[in-house]
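As recorded in Swiss-Prot, the features of this protein are as follows:
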INTRAMEM  106-122  intramembrane segment
TOPO_DOM  1-50  topological domain 'Cytoplasmic'
TOPO_DOM  78-105  topological domain 'Extracellular'
TOPO_DOM  123-131  topological domain 'Extracellular'
TOPO_DOM  158-360  topological domain 'Cytoplasmic'
TRANSMEM  51-77  transmembrane segment
TRANSMEM  132-157  transmembrane segment
Amino acid sequence: MDGSHCKVIAPLLTERHQRMVTKDGHSTLQMDGAQTGLAYLRDAWGILMDMRWRWMMLVFSASFVIHWLVFAVLWYILAEMNGDLGLDHDAPPENHTICVKYITSFTAAFSFSLETQLTIGYGTMFPSGDCPSAIALLAIQMLLGLMLEAFITGAFVAKIARPKNRAFSIRFTDLAVVAHIDGKPNLIFQVANTRPSPLTNVRVSAVLYQERENGKLYQTSVDFHLDGISSEECPFFIFPLTYYHSIIPSSPLATLLQHENPPHFELVVFLSAMQEGTGETCQRRTSYLPSEIMLHHCFASLLARGSKGEYQIKMENFDKTTPEFQTPLVSKSPNRTDLDIHINGQSIDNFQISETGLTE
């Protein structure tokens, strides 16, 4: 706690525990005592959309099998109640109307249920037009079967067309770096669109998670900007973008960098973009731990020229970092104070905090 004599105990966000958000954007938080049963099933559509494909296929296959079995039982019960099971269907009594021809066992009833749902015509087994119960049951099965097929088809289309799938083509650098831009330290990361189709209206936001006051998580917004673009949105995302956060005294990261062993924190980065073809918004997430922030490094160049003068993106250099050249020392001014910054056990460097930011 800031400005307090109480010792902060923070056992949750430590490096021996898993990160809250994985590098590919999935949450690792587990909900104890969350709602279950009917309250959980109210969002059945959302549950299906979040399922993995193998479980979704299993659920849909089981739905069809259960549908066929339920109506097989109903057709069998109808045949038994009508007295059709023990009859010779080729020579029935003159005063007896067979509801469904040749249903003499449960296997035959299941076969008829399957045939009713999946075909447009009947073979040797067919319902009699003189049996109202058979016609009513046939109509009910067809209606429920069409509803089930429509629901499953819609779920497949919705899952395939989700914007989430487009987000998988957005790639963040595995590491972030702290480098000097115009003599001022900046936290930098890169993001790339690995598909040739562009994204528009790109927005980046970040949240710094720290544990304070005996296990309570504290969230702080961290602002990033893109080169010299004054707008919060990048209108066109086709080549790798580099985002910067200026480490000035008001930055939530400035105080964290003053420790030889910085307290554990997690910086979660969110990128939202709009698909040009559909207008749908997709989001990609990643996170950076203190061990994934490289001090006095910069990213390798990604752009090159081809033989015809066209731009080429060297994705093999995407995660490569190189040590930056040390900037000459700046004379102290009355408005600057010295502090030592240590990250991940790297070399100890002397910086000065001024009104314009950290300078070496």
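Glycine is no exception: its Cβ is also placed from the backbone N, Cα and C atoms.
Broken down by DSSP into helix, strand and coil, the topological domain 'Extracellular' (78-105) contains 4 helix, 1 strand, 23 coil. Counted with DSSP, the topological domain 'Extracellular' (123-131) comes out as 0 helix, 1 strand, 8 coil. Under 8 Å from some Cβ of the topological domain 'Extracellular' (78-105) lie the Cβ atoms of residues 112, 124-128, 130-131, 133-134, 137, all in the same chain and six or more residues away from its ends.
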